[in-house]
Amino acid sequence: MEKITAVFKHSLLVLTWLVLWRLSVFTEYAPHASIWFPPAGFTFTCFLLLRWQALPAMFIASVLSTGWESLVFNDQRSLEQLLIAGSHFALLHCLVYGVSANLLRGSIDRISHHNLYAPVMRFLLTVATASLVMATAGVLLLFGGPQLESFLATSLAWWIGDMSGILVLVPVFIGIVNRIYPRRGLLSALNFQPKTESRFSSFAGKLVLSWVLMVGVVVLADYYQSSEIACLIFFLTLPQMWIVFTESPIRMAVSLAILSFLLALLVSILGVSEQAYIYQVAINVIACSAYFAMSVPALVADNRELHIEAKTDFLTKAVMRQHFIALTEQHLKQAKRYGHQTSLLLFDVDKFKQINDRFGHLAGDEVLRELAILVRSKIRSSDIFGRFGGDEFMLLLPQTSIENAFSVAEAIRQGIAELTFSEPELTVSCSFGVARVDECEGFQKAFDEADRQLLKAKREGRNQTALRFAEN
């Protein structure tokens, strides 16, 4: 059964390769000339994912394509000639892209959103080099080495066509092959999963905009026979960047694949030849720009996470002391402008050291976590909850009188008494100091007053709230 399944999967790879080859023939703007060659991208992807297990399927598909090509162009070659030519092409095609994909595999396996630049650079250099070797060797070996002028034109078209097929389509082909061989995942760090995606209608609008611009440029360039107008195709980089920065990686890959297919199809329909090289280069430039730009949202997300982590306590998710003070100073400016009252709570866990000594530090961490969860359930979204250090916490209550702040402290204190922990014998209480924050005197004086009230609560027996208006 496993052998039958393996044969079926390899047959599916062969069929996919041949369909892609026929698609490239369908989009030719001249015999043997298309602005991209999708089978090159599929071969590269198969070797990248399956390593040399993909060799039989890729070799057979390459040989069969030679026979199919003979039927399409009716070149009257014998079966023996077709087998020899097909074997030469298949051997060269599989050798070049198999070796290059396997060399690239080692670095790609370690890819993550933290280091996109280096793998992308290796991918681009590998693809450019492999397709150049394939084009040069293919023209020399398969066409008998034509004259210099013909050699340069033929090899250049082959090189850019193969490179376009690989650069543009590999991300999409990775998704296709991963469905056939789900255990052979690659680029798992990216996963091609949506980040915060826009609605599909928004994505479709961006696609339509790209297509309209592309059709307009190609039609006008062909109508006026103007290479200058054709060069405007490079401005398609702008809507593609828009997609990169606002959509998921898979949508970016799909949009790039569709755009390149429609461009190849339009060039074929119009029979464009003079500007074909411009469009070939444009596809590669747009793809390269998109891949490099993909690292920007990842870096922005990383920086945002680091920014949050630097200002947030990992255990309790409360803001750190310095950030708490900065937020307080910002709030006091607003409070002074609108004449709002502000109160400050300072509290800590009673006999926290004894809890750690008796039940262990894991139990102490549990106490702090549960305490933080309780506090957040008792306060408003506009209140600021911070960790001063150790078991000491701060709570800034905007637009709150000291009497109401006392009520908040009591609600939290009473809620703490009802907390349960993994250690049945563990009970927790907290002491609170409350002070009014005077916008004229600033945060420090209110903090000192709240600290004095906290010490007063502890001296008077703990598990209580003490308060006094800050001096003016």
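Cβ atoms are placed via backbone N, Cα and C, with glycine included.
Positions annotated as transmembrane segment by TrEMBL: 6-23, 35-62, 82-103, 123-144, 156-181, 202-221, 227-245, 252-271, 277-301. According to TrEMBL, the domain 'GGDEF' annotation covers 340-470.
Through the fold, the transmembrane segment (123-144) approaches residues 40, 44, 85, 88-89, 92-93, 96-97, 99-100, 103-104, 108, 151, 154-156, 158-160, 162-163, 166-167, 170, 288, 291 of its own chain, all at least 6 residues removed from its boundaries and within a Cβ separation under 8 Å. Sequence-distant contacts of the transmembrane segment (35-62) (same chain, at least 6 residues past either end, Cβ-Cβ under 8 Å): 10-11, 13-14, 16-18, 20-21, 23-24, 27, 29, 86, 89-91, 93-94, 97-98, 100-102, 104-105, 108, 127, 130-131, 134, 158, 160-170, 173-174, 176-178, 181, 184, 186, 260, 263-264, 267, 276, 279-280, 283. Between the transmembrane segment (252-271) and the stretches 6-23, 156-181, 202-221, 277-301, the greatest number of Cβ pairs separated by less than 8 Å involves 202-221. Beyond its flanks by at least six residues, the transmembrane segment (227-245) meets 203, 206-207, 209-210, 213-214, 217-218, 220-221, 251-252, 255-256, 259, 263, 274-275, 278-279, 282, 285-286, 289-290, 293-294, 296-297 of its own chain at Cβ-Cβ distances under 8 Å. Proximity of distant same-chain residues to the transmembrane segment (156-181), defined by a Cβ-Cβ separation under 8 Å and at least 6 residues beyond the stretch ends, is recorded for 9, 12-13, 16, 24, 33-42, 44-46, 48-50, 123-124, 127-128, 130-132, 134-136, 138-139, 187, 192, 249-250, 252-254, 256-257, 260, 276-277, 280-281, 283-284, 287-288, 291.
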